[in-house]
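Some notes on the structure that comes next.
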Amino acid sequence: MSVTSAVPEEILQDTYLIQGLMVAAKDAALYHGVLMRTVEDPNSSEMINYAPFSLFPSPVPENLFKEAMDVQKDFNLLIDRVSQDQEFLTKALESTIRVDDFTAHLFEIYKSVRDEGIRQNIILGINRSDYMFHNGQNDKPTLKQIEINTIAASFAGLGSRIPDIHRHVFQVWGKPEEAAKILKCEAIYRITDGIAKAWRMYGSEKAVIVFVVENVARNIFDQRCLEMELWRRFIIIINVSLVLICRDGYEVAVAYLRTGYGPDDYPSLEDWNGRLLLERSRAIKCPDIATHLVGTKKVQQELTRPGVLEKFLYDNPEAVERIRATFVGLYSFDEGEEGDKVVAMAMAEPEHFVLKPQREGGGNNSFGEELKQLLGSLKDSPERSAYILMEKVTPLPVVNYLVHPGVPPKLTECVTELGIFGVYIRRCGNMVINDCSGHLLRTKSTEFADGGVAAGVAVLDSPYLV
Ligand code: ADP
Ligand code: MG
Ligand code: MG
């Protein structure tokens with residue numbers, strides 16, 4: 001075994017074996033329900049296929065996996081505390097909302113529900129902190145955070161089933177010992193535990209859980225995993241779009257958002273009104289609008305400023321250390337000399353940075369030459385404050401077979417991204433639950449700098465600890 005693959009080179013090159021394993025893996029994916037609707041028919045379950053996945057698990061350094069798990073509760077606490085600091089959020093987002101209409105609209109809702117007074121003192125947080133293993137100077141990879149998702153963080157459902165595929169592939173290949181080494185993933189159960197607990201804390205048997213769903217729902221089976229687990233506990237789940245949220249007469253205990261994170265999720269004013277109504281309601285929100293805003297790239301960048309972590313985690317200096325160790329350089333383009341310097345730095349060495357707008361879901365960032373062009377056109381305008389600059393993380397590639405429907409097997413050089421789920425519940429000032437709730441591994445060809453599973457670029461994977 002090498003550091004770049006969970007299986008030996010001669011196996012990767014054995015095309016006859018690989019073809020057999022591909023057949024076994026695809027059937028295992030379908031059997032275990034690792035499913036996705038098709039691009040052609042994203043709202044129908046008449047014709048479905050398997051969700052893209054890797055044939056083998058990918059190697060992940062055990063110490064970094066542990067580090068990521070160990071820092072998750074610190075991140076939960078940090079996010080939750082930041083979400084309660086109106087002054088900080090206002091200041092952090094001030095320059096961005098002047099030029100980014102989408103974030104401005106979210107902030108407007110945040111501001112009005114704050115001014116009116118919060119009607120629900122229980123908060124449910126489900127987030128996913130994503131990392132890559134940076135290959136620094138001394139050849140020892142380090143854990144570096146890419147971002148933290150505080151709204152609609154997905155793939156706990158399908159991701160929890162990938163180990164079943166990988167275990168089967170190893171068994172068919174004739175390696176029961178390796179098969180036994182494959183990590184289980186319990187994210188789906190931990191997250192449903194959190195949602196169910198919030199539902200109980202609301203305190204009404206009759207109240208339902210609402211899943212606020214996307215208008216185009218290709219990744220529906222990942223969401224169904226959560227729903228089915230909750231139905232098993234005799235909790236009623238209703239799917240509603242943002243537009244229709246006002247029309248139902250149910251008492252809602254928990255509103256769990258699977259949508260609402262991008263401009264496309266609000267095609268009309270009615271969608272915005274739906275979000276406002278939801279935020280004003282007595283339902284426990286996952287997330288509330290404040291926590292949603294904490295997940296913006298702009299806030300991520302503001303958290304790296306000296307003294308900010310210390311301010312929020314004043315009672316836990318070790319947590320500050322653990323969190324800061326995962327940060328890379330993040331820079332603001334705010335007006336003035338500081339911002340000008342950041343522009344100059346990025347223009348001089350665009351290959352070392354990533355330019356990020358306040359958007360989610362993959363495919364929005366700029367790298368290299370494209371970064372240079374875009375920043376070149378923005379650099380003298382206030383519009384540049386809609387973006388942040390991030391140091392580029394450069395992981396060592398791994399090799400694997402990426403299994404996409406209809407695509408012949410091809411050995412591919414890839415990079416992996418590890419996600420750790422966090423679940424917490426706060427009532428008034430007290431953390432009732434603060435849980436590190438399992439992992440997700442996604443892998444994509446080094447051909448692509450950006451793009452997620454939904455975009456057809458990355459695949460679902462599972463870690464093989466080395
Ligand atoms: P999104 O919210 O759209 O998922 P991300 O910050 O996760 O935004 O960026 C999308 C993708 O871009 C990541 O999955 C990763 O592949 C790549 N990426 C983002 N930031 C970096 C970085 N600092 N270094 C290297 N790649 C990055
Ligand atoms: Mg994101
Ligand atoms: Mg991401």
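Glycine is treated like the rest: Cβ placed from N, Cα and C.
Site annotation for Mg(2+) in TrEMBL covers GLU147, ASN149, and the matching candidate from GLU360, GLU369, GLU370, GLU383 is GLU360. In sequence order, ARG128, ASP130, ILE148, THR150, ILE151, ALA153, TYR261, GLY295, LYS297, GLY361 are the residues of the same chain, not among GLU147, ASN149, GLU360, whose CB sits within 8 A of the CB centroid for the Mg(2+) site. Considering other CB atoms within 10 Å as the measure, the emptiest surroundings among the binding-site residues GLU360, ASP450 are those of ASP450.
If you check the binding-site residues ASN149, LYS356, GLU360, ASN364, GLU417 against ARG442 (substrate binding site), the ones with a Cα inside 10 Å of its Cα are GLU417. For the binding-site residues GLU147, ASN149, LYS356, GLU360, ASN364, GLU417, a Cα-Cα cutoff of 10 angstroms around ARG128 (substrate binding site) retains GLU147, ASN149.
Ligand 1 lies within reach of GLU147 from the binding-site residues GLU147, GLN223, ARG442, judged by a C-beta closer than 6 angstroms to any of its atoms.
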